[in-house]
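K.L.:
Structure provided below as structure tokens; questions to follow.
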Amino acid sequence: MRLRLAGAVLLSAAAYYVYLPLPSGVSEPWKLMLLDALFRSFMQASDVAHALGVCHRVHLLNRLVSWVEEIEARSCNAVHVADSTLGGVPTRVFQPKGGKQLKRGVIYFHGGGWALGSGRMRSYDLLCRKMAEELDSVIMSVDYRLAPEAVFPDQYHDALAASRAFLSAQVLERYSIDPERVCVSGDSAGGNLAAAVAQELSSDDGLTVKFKVQALIYPVLQALDFYTPSYQQNRAVPILYRPVMARFWLQYLGADMSLEPLLLANNHSSLDQPAISGSTRSKLDWTALLPAERRKHFRPVVKETGSPGVMGKVPQLLDVRAAPLLADQGVLGRTPKAYVMTCEFDVLRDDGLMYVRRLQSAGVAVTSDHYEDGFHGCMVFAYLPMMSSVGQRSMNNYIRWLDQNL
């Protein structure tokens, strides 16, 4: 009887920890709850280790994720897999066996808030294998440096160096990649790097080979407004909570973490911040850039007066290499044809949708692929143990778009 009672208590406690009220439209809510409970456990353990001075919270979190997810480079019947370097940056290369003599090529940047993750993780390894096989394409998954040791612009410089090497005649020839069929892609923070690289290299007239397409998966593109409709609607929806995104930004920009409350209150982008021009504000004015069905009943939060000196302490917030949504129209107009995936239950939804609108206004052909039941990170959870339904759908549609456009 005591064992049964103890079991019932433990089961109830576990259910209480796992259960989280979720929006009715989110795909497979119980799977998302379990995933969130795992992530929260990892993050709480990392916070405790950080508070005790054992190690930085990001280090423990990365060790836990690596222990669960990281796998060795193993070739299979269809794809040759090897760890290499690209422009001096560690990279996992996936080469299809057989097929056409000239291959398509994709350079991919993983997500993880510029602080977590690796192309060696099982989820990214499986994604890139599938892409290599189904697209008959060489996929190069880049392991750029991570925070806190590396801060902006280190991650960007790694992504740019790898991309320049990827487009070089030597690499294209070595891997038999068709120079007319190359793509830059990434998810979340990796989508940020892909967008920034696409902007930089499309404006480089010295390059003989340029990307044909860019494919951005729920990208993070700005840090001036933490009250977009999607930030308001999804502030408590896993797996990317609003405060966590603010922390990722501050870590990436090498800023003081005590600034988090100011960012979350939009005090850093108040109207009395002279560094933020009217032109800059117009580039993320969601009241004009988002359709009515995404604006819904939400209202902008723009402070008349904020915290003086914040932009002076973190000027990188206005750097287009960190925040590609702030790029000028002329720069956007030179970028390649685009695919942008967004998810309804994601704080970053509106970053992607505003970028779609700005690219279209600049004359770029854009496919906006929105998932009404999607959540942040869903595409990389398409495989076991989660086997997310929306993850599988989004992954298949992403690869189908590449097949039709690359």
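Just so you know, glycine gets a Cβ as well, placed from its N, Cα and C.
Annotated domain 'Alpha/beta hydrolase fold-3' per TrEMBL: 106-264, 318-379, in sequence order. Sequence annotations record features per position, and here TrEMBL assigns active site to SER188, ASP346, HIS376.
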K.L.:
Around ASP346 (active site), which residues of its chain at least 6 apart sit with Cβ under 8 Å of its Cβ?
P.N.:
TYR218, SER230, ASN234, VAL237, LEU240, GLY374, PHE375, HIS376
K.L.:
Going along the chain, which residues six or more apart from SER188 (active site) have their CB under 8 A from its CB?
P.N.:
GLY111, GLY112, GLY113, ILE217, TYR218, PRO219, VAL220, LEU240, LEU348, HIS376, GLY377
K.L.:
How many helix, strand and coil residues does the domain 'Alpha/beta hydrolase fold-3' (318-379) contain under DSSP?
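P.N.:
Split into helix, strand and coil, the domain 'Alpha/beta hydrolase fold-3' (318-379) gives 23 helix, 19 strand, 20 coil.
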K.L.:
Averaged over the whole of the domain 'Alpha/beta hydrolase fold-3' (106-264), what is the pLDDT?
P.N.:
97
K.L.:
Including all protein chains displayed, how many Cβ atoms other than that of HIS376 (active site) lie within 10 Å of its Cβ?
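P.N.:
HIS376 (active site) is surrounded by 25 other Cβ atoms within 10 Å.
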